């Protein structure tokens, strides 16, 4: 299994629709101001956060249960900047839609710009033949409110291609998050 380069990422995005919309280079400025970068890097792709958020609140529940999650635990928010309360988290989604090839697995890591501020971005791997918008989790580990910027970079996706194609892909299994379009809550 080897990591894939910028050349491979560009080819797969442009010829096979692996990432849509796709940015072939690195974008670091918009409208004359610096932003958290996004687009193709040497061995990965920096994804952007869309402007749809679900901010966690503990007002309506007393326990978090991943097998029986209460959607009233979130407040919906739409905007260019999301403020995450201290020691809390928010869910969002990528601006990009992904179609992962059958021989590829991705790992997604948060950008250091956020990590250095105590904001952790968590995303699970994109499995072979998974497709959809990626649900992102932003954890604010600080005792202060934290900002997340929509339309800017938030995490980097690394693509690994196997020497042999898997026997059963995410699509073959009928994965529960296949084809997700909005910010998707946990499903048991």
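Note that Cβ sites are derived from N, Cα and C of the backbone, with glycine treated the same way.
When Swiss-Prot records 111, 112, 113, 114, 115, 116, 135, 136, 137, 156, 170 as binding dCTP, the matching candidate from 26, 180 it lists for that site is 180. Binding residues for dCTP (111, 112, 113, 114, 115, 116, 135, 136, 137, 156, 170, 180) extend across at most 33 Å, taking the greatest CA-CA distance. Residue 135 (dCTP binding site) is surrounded by 19 other CB atoms, counting those within 10 A of its CB over all protein chains shown.
The distance from the Cα of residue 137 (active site, proton donor/acceptor) to the Cα of residue 111 (dCTP binding site) comes to 13 Å.
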